[in-house]
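The block underneath contains the structure these notes are about, expressed in structure tokens.
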């Protein structure tokens, strides 16, 4: 009986980077593997397209949060916002997301992310204001990384 050697996770993630969205390609290996494996499974279930991408991002948002132009592991896994906490088929009805910002994170954590992103006035912001400011900074950082210069 032949024993199949398991591929090194780092090599596996590097191989997958060409097939994932740019924000994920710039992220840690675990984020790349999570998105790609979920996407491939969802393609088998739903077919290629928007639904498979939504499923992959939903899985990623349970373990990672968007910081600037990439995704970083969350301290604790779980839904990142009210939309992510909804169960299918309710989640398929659409709704507002926090664009990868972990709205369930503590105020201190959101301020730390805001500090990392150089958001001015962060110490005086409420939690919802911080979430909005981080979303805006993330969009700007992603646009810069993609070369559109915003």
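In case you wondered, yes, glycine gets a Cβ from its N, Cα and C as well.
It should be emphasised that the depicted structure is a prediction, and the values quoted were computed from it without experimental measurement.
The compositional bias 'Basic and acidic residues' annotation in TrEMBL covers 1-18 (among others).
Summarising the annotation, TrEMBL assigns compositional bias 'Basic and acidic residues' to 65-75 (among others).
Annotation source TrEMBL lists compositional bias 'Basic residues' at 137-150.
Per TrEMBL, the feature domain 'Rho termination factor-like N-terminal' maps to 106-137. With a threshold of 8 Å between CB atoms, the same-chain residues lying at least 6 positions outside the domain 'Rho termination factor-like N-terminal' (106-137) that come near it are 65, 67-68, 75, 98-99.
Per TrEMBL, region 'Disordered' is recorded for 1-32 (among others).
Packing against the region 'Disordered' (63-103) from elsewhere in the chain are residues 23-24, 26-28, 30-31, 34, 57, 109-110, 113, 116-117, 127, 131, 134-135, 137-139, 141-142, 144-145: each is 6 or more residues past its ends and has a CB under 8 Å from a CB in it. Under the heading region 'Disordered', TrEMBL lists 63-103 (among others).
Taken from TrEMBL, the feature region 'Disordered' applies to 117-150 (among others).
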